[in-house]
């Protein structure tokens, strides 16, 4: 009996302690409920804090959980963020056992909240699964923290003059929809450097690198007053890998391939013609496919200029062969005319002693196609019987063909145009590439955003 007494005392003490905790817990919850009831008693959520008096300051900051994708065709981007707003409402001050009241989204509809909207947003979604993704806290001094998880689809104006070596500053603009500057102002909670956070793992872009972000604020005027606009600029630099593989390398290889025709024999007309036409069609196909990933802008981009110059080189190679073929034919015709006037005629005279059978015959040459008729020598008039005797005695005429003059080395060798083209075309194309890449890669192509205030 004496040994069980200490255990009995311990059990009674534990029951007493647990009872006190339960009573304190019930008292705490009842006290918090009483605090909320007192806060909402006589509270009008239609009026902003300090209505008719001081300006309400709304402090904001943004945490980006996912950035991308970015659409060049639609000129827009998408991101998932935690959008936080903090302001002070003197009507919600309280005292009690707790310093912070952590409440759910049901409380949001019962108090005043800023009417913030995204000015350049095309579509914004507030997540509601499994419950509305909202955080709401009230501090003892009346400071309120209101956080929402949003997916924002915003407009990103792009000027693609330097595409694909371009960079863009995609803005996110927000402010009050109804309250002018005289009633609500927005500020950055953590200053201009730390109010927008974008972790490295949050950026999942295929064609861009997110190299940083800057913030600014401005005041705009409208018919209904002056409004404070907060802006975040997300700086994006385009990646070159895709376009080097799909556009630039095929264009360079096509131009080099077109210049191979300068080394093909000028007499191979079908081969060089097919070569030139095929490379021209290839460049046409590349230029069409390059535009598929771009909006229909009215100006030329850096890639358009490169493709245009490559197309000019390929087309010039085809024109070069046309010139070679033309001048080759011209030289051929000149050679034929020279051969016509330089070749001596073949004289054929019968071996008979009679002078009546002399006749000059100029035989046509099969290669130069030169024909000329020579009038036979006049024969004296004789009787038919004598003529028959003469013709019977006349031997068969024999002729010696004219040997055509040999072709000159310049006519049968490589064209001078081809010789010059073998040097000029590669040098010119290499010079163009040198200037093109030095200019664009050393150029600051990032769009300039507004200055930070």
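The backbone N, Cα and C atoms fix where each Cβ goes, glycine too.
From the options 202-222, 223-243, 244-264, 328-348, the stretch Swiss-Prot describes as transmembrane segment is 244-264.
Relative to the membrane, residue 267 and residue 419 are listed by Swiss-Prot as lying on one and the same side. In Swiss-Prot, the annotation transmembrane segment applies to 271-290, one of the ranges 131-150, 151-170, 171-190, 271-290.
Taken residue by residue with DSSP, residue 141 (N-linked glycosylation site) is part of neither helix nor strand, so it is coil. A Cβ distance under 8 Å defines the sequence-distant neighbours of the transmembrane segment (271-290), meaning residues of its chain 6+ beyond its ends; these are 246-247, 250-251, 254-255, 257-258, 260-261, 264, 303-304, 307-308, 310-311, 314-315, 317-318, 321. In terms of C-alpha distance, the listed glycosylation sites 31, 128, 141 place 128 closest to residue 147 (4-aminobutanoate binding site). With respect to their backbone Cα atoms, residue 31 (N-linked glycosylation site) and residue 141 (N-linked glycosylation site) stand 18 Å from each other. The Cβ of residue 84 (4-aminobutanoate binding site) has 17 other Cβ atoms within 10 Å, all protein chains considered. The predicted model assigns the topological domain 'Extracellular' (444-453) a mean pLDDT of 62.
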